[in-house]
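Structure first, then comments.
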Amino acid sequence: MLIKLLTKVFGSRNDRTLRRMRKVVDLINRMEPEVEKLTNEELRAKTDEFRERLANGAVLETLIPEAFAVVREASKRVFGMRHFDVQLLGGMVLNERCIAEMRTGEGKTLTATLPAYLNALSGRGVHVVTVNDYLAQRDAENNRPLFEFLGLSVGINLPNMPAPAKRAAYAADITYGTNNEFGFDYLRDNMAFSPEERVQRKLHYALVDEVDSILIDEARTPLIISGPAEDSSEMYIRVNKLIPKLIRQEKEDSDTFQGEGHFSVDEKSRQVHLTERGLIKIEEMLVEAGIMEEGESLYSPANIMLMHHVTAALRAHVLFTRDVDYIVKDGEVIIVDEHTGRTMQGRRWSDGLHQAVEAKEGVEIQNENQTLASITFQNYFRLYEKLAGMTGTADTEAFEFSSIYKLDTIVVPTNRPMIRKDLADLVYMTEQEKIGAIIEDIRERTANGQPVLVGTISIEKSEVVSAELTKAGIEHKVLNAKFHAMEAEIVSQAGQPGAVTIATNMAGRGTDIVLGGSWQSEIALLENPTEDQIAAIKAAWQIRHDAVLASGGLHIIGTERHESRRIDNQLRGRAGRQGDAGSSRFYLSMEDALMRIFASDRVSGMMRKLGMKPGEAIEHPWVTKAIANAQRKVESRNFDIRKQLLEYDDVASDQRRAIYSQRNELLDVADVSETINSIREDVFKTVIDSYIPTQSLEEMWDVEGLEQRLKNDFDLDMPIAQWLEDEPQLHEETLRERILQLAIADYQRKEEVVGFDMMRNFEKGVMLQTLDSLWKEHLAAMDYLRQGIHLRGYAQKDPKQEYKRESFAMFAAMLESLKYEVISVLSKVQVRMPEEVEALEVQRREEAERLAKQQQLSHESDNSALMSQEEANVAASLERKVGRNDPCPCGSGKKYKQCHGRLQ
């Protein structure tokens, strides 16, 4: 109550921020007449003037009025478009490390040119991040003329570009690309074997378009570069045959382990668990199939991988549905993004889940992979000095943006008042009744010439609606993961009079639906159109546009509520752009997933009290409130999971930063011999201490063990027992010194053979390769630790603190192993002649260049909904697969098995 009163008196933080910024907008508007007088050359010269002022110590924020006025004028001359005042506000919000919520159709792409230009003046680079390659290319090419007019360079960062082209793109003042590609380049740079192989500069300023999609929806998605692991495809096939024989428990009571069925399903957290009966049943079937020995337990340590196969197969059969979570195309399982409805070609679920789905569908099973490098989007984007983003729907996630990314959300007002009518939800008892009502609504509206956009949450649902429309004789177009090639075209024409378009979820995001259709698309189909043809097309469009407005504008139909209010708002936001007329309504049934899982008891109770008859709908504020509360519950739990994942990942992030920092220092230094010498002393001291304890009696020494260790691990033949027998005066200190000096002398002989420079290169290569190999193993060990750490809670221990403590101990052990491995490899290596080493280096360079041209990226993602502790790491992973005989992704030019795949 008190907060509401204070807000009424002083205004909200959002209002105060906008009031402050409007004063700057007024200043920019006052500058406009003067800027208009400048010639093109004088306008372009302003960029050099701004750069000079920055070099002389000016603060970037002091340039905002002039810089924005210059960009606005340049836009008028290049595009014939003038930035609205609200776009200037949006530009200032984006410069202040904030999220700008700007409604659909308000010109976010043009708004982004303002902060992009301003922050590029420092010469440190600006990354404009989009959700797909099409938008990255489109926005870069559309805005290139403006930036080049002002003397700035523009680069596009796309998958499969050769390294020199990527380096040039990053060297540009403003670089457009996708979140995936920026993240993968960061990982690849930290696998490089020379400074020249890196492509990115320091991460300065990132401007993220559709920021909610990237920083919220994909927050659980790690980017992974991986290599091949052991082939176990046969086991997936054998286990897959057993799963259909298991029976689901009918009642999901609290005691799932003691249930009557073989497995229970927790739909809220998307988990499946074997019951006691199920465990006995699966063990019997595994024994019958000859997979497990009689009397063995599935939970015994020897069968841990078998348990992994059973769990993956059970999840594949029960939780993942064809044409909802994935499609099968050309003998391949392709994931469908739950947030956009788009197919994610090349992405794969991790932890054997994808292989289990492939076995279920009877397609070829691809090998599992082992992580070489990994980072989540949460941690990647927090590496930027300055981060900002824009979207049409951010306010519902404002708390998460603030708590995780330290980004405030500012709602930017629309240029024209929003007049869309958002009608109350209609709730039916059954899915069939709901679909019937939707068809009738579409029939009535299209009869009046009103275009309709139907939003569904899955391919399966879109095909059900499509089939019913076909049966009713209503023409329509379907836009889902199966037909996404024509996405932009279908969406742009969805505003034609009487058009009916079915869109899975938020497919087509980034393309506006213009009432009356897109006249630009019609002109694009003509070869060299005349002015008369263009005028005729525009005139015909104007008639259609006016007719659609008269019919009520675009009508949005949601076939069910999404778990997140934000996704529902995105669907609604397709109508009512730039002050146009429009309307929206959601149709729900008690059989919808959200209603069934979260709101069923309360709403069905209301419906019974009201005496609902078949075909009747309930429309009541209580129902709308119950649904909103259900969505808040899901959003809250999703946020808690993302936050928990981040807390765990922050531990790995600190270690990643330390490793990558050390690695970059190694890359930038030509001579690492001092480091090698220091490490050698530490390693030999540790080895000798384990056989000859400090200040111990000679009877306690294990001389034979020490001789064997030096021979096996360092290829050093040292007759220590003979020395002690021949030289009674040889004591502990002098013995230690002799062993170390002989090891150094042996190494120096090798250096004399190959030469100083070659040995320095070799040392550097061994250190980098060993570091990468051990880091890869450490990542796998961290994953295993993470999977079981929640069990510490049963021992009254805090799992997070235990994870931090143990992961630090593992990290320290890894660094000790690094020292040991490096000295061991350098001591045992058989050196080549300088000519051979040089020839190998030339070959490596040539292969690295060839690799850059042929690199193929594939990504891995898990769009499974919610996960509990032990399942957290099964979260989505974007993965790049590398075969044993493929070129190593680090860019060394060697085969993977001879480079990062060697020291395993």
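Easy rule for this one: first residue shown is 1, then count along the chain.
Including glycine, each Cβ sits where the backbone N, Cα and C put it.
Annotated in Swiss-Prot:
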BINDING   Gln87, Gly105, Glu106, Gly107, Lys108, Thr109, Asp512  ATP binding site
REGION    851-904  region 'Disordered'
COMPBIAS  853-871  compositional bias 'Polar residues'
BINDING   Cys888, Cys890, Cys899, His900  Zn(2+) binding site
COMPBIAS  894-904  compositional bias 'Basic residues'
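Cβ proximity to the ATP site centre (mean Cβ of Gln87, Gly105, Glu106, Gly107, Lys108, Thr109, Asp512, cutoff 8 Å) flags the following additional same-chain residues: Met102, Thr104, Leu110, Thr111.
Within 10 Å of its Cβ, the residue among the binding-site residues Glu106, Asp512 with the fewest other Cβ atoms is Asp512. In this structure, the binding-site residues under consideration are Gly105, Gly107, and the one with the smallest number of other Cβ atoms within 10 Å of its Cβ is Gly107. For the recorded site, Gly107 (ATP binding site), the DSSP three-state label reads coil. All protein chains considered, the CB of Thr109 (ATP binding site) has 16 other CB atoms within 10 Å. In the three-state DSSP classification, Gln87 (ATP binding site) falls within a helix. Annotation for the binding-site residues Gln87, Lys108: lowest Cβ count within 10 Å of the residue's own Cβ, Lys108. Residue pairs drawn from Gln87, Gly105, Glu106, Gly107, Lys108, Thr109, Asp512, the listed ATP binders, are separated by up to 17 Å at the Cα level. In the three-state DSSP reading, Asp512 (ATP binding site) counts as coil.
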